[in-house]
C-alpha cells in the first residue's frame, strides 16, 4: 500500500497504531526524590541564562515503581516564586512535549544546526511563568516502564491518571510550587489530554484537603482535537475554502462521508473519495499550508515525508512538524531528534539512565495500541467552565490538520451565548488575530498566519496570548 493510502486508511478506519521498534528488554527505574539531583548544569550548546532548570524522572507511586515519566522544568526568568506554574503537553498521541514544545516552540532553548546548537528563544513562555514539560504516557520520549504490558493498556484514561500521579509526586520534589496558581496548556491531541487531566484534578480537589490539592485555575489549548464529527467536517471544509481541494472532491466527500455523531466512515466510497483530499496535500505541509516543506537532503528536491502517527478515531494523528520564526527551517524535527539522541545531552538531562533499547524519537515508535479515545471533549469543557475554570481555545489559521473551521464548529456545538462579539486583537501595530468571548468566560482566539504549532510560527504573538491568558486580561484591542 502506498504511503499516502496508508495515511488515509489510518485517519478513516484504523485504531491507534504507531509504527516503530518494539522494546526488547525490561528496564529498571532509577529516580531521585531530590530536586537538587535533577538540576541541569552543563547542557551541551546551552546559551548562558540567569534561571535554573531541572530534568529527570518521577516515579508514579509506590504501587507503580515500574513506571516513570520524564520532565523538563524551567523556572520563570524573574520572580519565579510569585509566577504561576504551567504544564505543557503535546499530542499525538505519543509525541514528546520536550522534543516539540520545549525544544521547537515555546521553551527557552531551541534546537538548530542539525542538533548541534541551542539558541535562546526571546519569546519563551518562561518569561511569564514557570514552565513544566512532561513526556506522557510511558513509551513517549524518555518516559518508560519495565512492564511491557503497560504499553498495551495505554489510552486517554491511563494518560490522565498517570499525569495526575506524576504531578502529585512532582510537587513532593518541588513543594515550593504547591500553592502556585496552576494552569495546563497544549496543542493538537492535547485537546484530549488537557481537559481530561484538568477534570481529574478538579474532581480530586473536591476530595482532598486544601494542603493536598492542586491550585488549578484553568487551561488553554491550541489547534485542538475536541469533537470528532465537527473536527472532521472542518478539516474538509477548510481545504475547500482555501483552494486546496476542488469543488468536485469537496462535494464527493460530503456526499459519501457522514459528519454526524457516532459514525465511523468506514465505507469504501468515503475512503475512495478521500483520496483526492490526501493527494492535494502530497506536496505541501498540512500543518502550515503556506510555508515550505522539508527536503530530505540538499541533493534531492523530493519533500521529506512527515512521520505519521496514527491515533484513535478520525482526527488524532499528529506528526507536528515545527516552524521556527527566524531563518525558517522546516526540517527541525530531525534536529531535535538528533540532539536528544546525543549521549552527552542525555547525561546532562539525567535522561535514559536505564539505556532504553530504542533510540529517542519525537513521536513514539513503541506505542502500538491506544485503547480509549472519547469522540468528544465538549461535556468535560462545559463541566469545567461551569466549575469556574478559565478556558481559552486558540487556533493558528493556516493549519490544515486541526483547522480553525473545526474549532469554530466545535465551539458552536457547545451552544454558548456570545458575551463579547468577534473583534480583532493586536500585537504591537499589527492585527494578530481575532477573539470572541462566550458565556462562562470561554475565549476563542485566532492567530493570524500561524500554523498547527502557533508558538513556532508566531512566537511574539503567542507570548502575548499566553501572558494575557494567565493574567486573565482581555487581549489588546488597539495598536500599542
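Residue 1 is the first one shown; counting continues down the chain.
Placed from the backbone N, Cα and C atoms, the Cβ positions cover glycine too.
Residue density at residue 188 (active site): 32 other Cβ atoms are found within 10 A of its Cβ, drawing on all protein chains shown. Taken from Swiss-Prot, the feature active site applies to 188 (among others).
Of all the Cβ atoms in the protein chains shown, 28 others lie within 10 Å of the Cβ of residue 399 (active site). The feature active site is assigned by Swiss-Prot to 399 (among others), with similarity to another entry given as support.
Per Swiss-Prot, the feature active site maps to 452 (among others). Summarising the environment of residue 452 (active site), the number of other Cβ atoms within 10 Å of its Cβ, over all protein chains shown, is 30.
According to DSSP, residue 95 (disulfide bond) is assigned to a strand segment. Taken from Swiss-Prot, the feature disulfide bond applies to 95-363 (among others), supported by similarity to another entry.
Classification of residue 270 (disulfide bond) by DSSP places it within a helix. Look at Swiss-Prot and you will find 257-270 (among others) tagged as disulfide bond, backed by similarity to another entry.
The disulfide bond annotation in Swiss-Prot covers 294-331 (among others). According to its DSSP assignment, residue 331 (disulfide bond) is coil. Counting every protein chain shown, 16 other Cβ atoms lie within 10 Å of the Cβ of residue 331 (disulfide bond).
Its Cβ taken as reference, residue 79 (N-linked glycosylation site) is surrounded by 8 other Cβ atoms within 10 Å in the chains shown. For 79 (among others), the entry in Swiss-Prot reads N-linked glycosylation site.
Cβ neighbours within 10 Å of residue 146 (N-linked glycosylation site), excluding its own Cβ and spanning all shown chains: 17. Taken from Swiss-Prot, the feature N-linked glycosylation site applies to 146 (among others).
Taken from Swiss-Prot, the feature N-linked glycosylation site covers 265 (among others), and the record attributes it to sequence analysis.
The Cβ of residue 352 (N-linked glycosylation site) has 20 other Cβ atoms within 10 Å, all protein chains considered. Positions annotated as N-linked glycosylation site by Swiss-Prot: 352 (among others).
According to Swiss-Prot, the feature signal peptide maps to 1-20.
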Per-residue Cβ crowding (10 Å cut-off), top of disulfide-bonded residues 257, 294, 363:
363
Number of Cβ atoms other than its own within 10 Å, given for residue 270 (disulfide bond):
19
Over all shown protein chains, what is the count of other CB atoms within 10 A of the CB belonging to residue 95 (disulfide bond)?
30
Select the closest residue to residue 257 (disulfide bond) from the following recorded positions, measuring between CA atoms: 95, 352, 363, 399.
399
